[in-house]
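Asks: Please read through the structure below; I'll follow up with questions.
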């Protein structure tokens with residue numbers, strides 16, 4: 001047996017969550033009717049893109065397009081390639097300049113206008129194509145030159161027309177590829193005293209900083225030194241993040257029941273090598289570096305052979321969004337008495353003039369991201385567990401805006417306004433029943449199952465669920481519909497029942513029937529409370545954790561129903577007067593992160 005340093009614990013291999021990087025999208029920039037700053041010709045525009053740090057909110061230059069001479073309607077060739085995270089608010093800023101010299105110093109060029117948006121706004125627009133007016137923000141003086149410079153605030157001069165910016169997002173093709181492969185091994189080292197080894201493979205993707213991230217683990221083959229593992233599939237972006245020459249490290253272990261797996265050896269390869277398929281290039285010597293150092297006659301600890309390799313493109317979340325799939329967002333808020341009297345500062349519903357309460361923080365964190373995937377920005381908002389005026393009837397499915405026919409509110413601000421108004425008119429009561437609001441959203445989801453709509457229900461609650469059996473049944477029934485459920489637990493209650501509904505460990509069932517999909521994600525709000533008061537950062541983490549599973553849940557539903565993405569809508573054509581004076585096409589240029 002090897003020394004303890006050649007052993008690995010089981011936990012090292014089982015945490016694969018979050019190992020798949022975001023997909024990459026390519027942003028193309030065009031402008032129409034820019035300001036004309038040149039006396040005897042048209043402007044020579046350049047676009048600069050900035051990203052914003054989540055922690056310090058500082059704008060950082062991401063990249064620049066090329067300069068296009070003598071046009072007010074540029075179609076820039078150089079693209080911006082960025083990582084896309086559905087679950088994050090990725091703020092972007094685009095500044096336009098009229099270039100007057102070869103100087104890279106932007107202060108030496110005329111400012112033409114700017115636009116702010118999020119990456120989600122671009123992706124979620126029809127056809128993933130967003131048009132925004134350019135504005136000239138407030139100016140400040142450059143401390144070195146004294147020349148006016150645009151401030152980074154989102155201010156604008158009322159009535160000042162600076163033209164339009166057109167932003168298009170396209171998912172990179174290699175981000176949708178899925179590789180399917182199979183391996184076998186020969187003459188692996190024997191690690192067990194009373195039998196042969198129980199080998200398995202662990203695959204790692206190399207990172208920019210030289211570290212490695214686990215991305216796949218095969219099954220264990222019992223009692224053999226010549227295993228043939230099952231075929232497996234993995235997204236190419238998980239294997240190499242789209243870089244075909246990036247190192248892929250594969251470690252070979254002998255499985256042990258107590259979790260102290262014995263290291264047999266390792267080898268490295270790359271996606272480009274694997275893509276050659278079965279050949280002499282894909283027979284790898286398994287080497288144990290420690291044995292190689294200690295033993296002069298050491299050759300290897302066996303070989304691993306690639307038996308087959310194939311790659312195909314799969315439909316992705318962005319394919320469906322670009323094809324017009326709308327995400328319908330509904331929020332349901334807990335109005336039970338366990339929240340405490342809203343007029344007292346100890347209440348979870350207390351409305352402080354200085355900061356948002358937990359309900360409003362959670363709603364805003366999730367809503368401000370998901371809102372960009374719904375074109376009309378009208379969101380149903382429900383309450384449960386309250387007595388309603390005028391007769392004190394208890395309801396577990398009432399509209400926050402008071403409109404029984406149409407519970408939709410305009411934007412996230414509209415939901416917050418209706419929520420605050422409800423706190424002043426209803427009486428907190430109980431019990432904590434989820435089934436009515438789950439059934440409400442499921443009913444709407446069932447009405448449209450052609451792939452054009454997908455519903456997301458956000459439930460924010462403080463208490464122990466009262467109708468567990470009914471809620472389980474409602475979720476099992478909803479799992480076959482185009483919908484997902486997010487539950488955020490606020491306050492200090494025990495949320496064991498919510499963890500059960502989450503179904504990450506054990507898929508929930510009702511009356512002996514298993515849910516077809518895992519559609520519930522639960523997080524306790526207290527895990528995201530920042531003691532320093534930095535709610536921006538902590539709520540960004542909350543949104544990331546509860547929204548991260550939505551894209552895969554949407555795609556899993558579409559696949560199960562055999563629904564393919566629709567073709568994206570055609571981009572509007574511009575009148576001849578707006579046609580750009582195009583620069584001759586050049587070979588594609590890209591700006592990477």
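Backbone N, Cα and C atoms are what each Cβ position is placed from, and that goes for glycine too.
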Asks: Among 19, 375, 422, can you tell me which residue Swiss-Prot lists with the annotation phosphoserine?
Replies: 19
Asks: Which three-state DSSP class does residue 44 (Ca(2+) 1 binding site) fall into?
Replies: coil
Asks: Quick check for the class: what is the C-alpha distance, in angstrom and rounded, between residue 103 (Ca(2+) 3 binding site) and residue 44 (Ca(2+) 1 binding site)?
Replies: 14
Asks: Would you kindly give the Cα-Cα distance separating residue 262 (Ca(2+) 5 binding site) and residue 198 (Ca(2+) 4 binding site), rounded to the nearest Å?
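Replies: Cα of residue 198 (Ca(2+) 4 binding site) to Cα of residue 262 (Ca(2+) 5 binding site) measures 10 Å after rounding.
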Asks: Determine, for the Ca(2+) 3 site, the additional residues of the same chain whose CB lies within 8 Å of the mean position of the CB atoms of 100, 103, 108, 110; present them in sequence order.
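Replies: In sequence order, the nearby non-listed residues are 97, 98, 99, 101, 105, 106, 107, 109.
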Asks: Among all the protein chains here, how many other CB atoms are within 10 A of the CB of residue 103 (Ca(2+) 3 binding site)?
Replies: 10
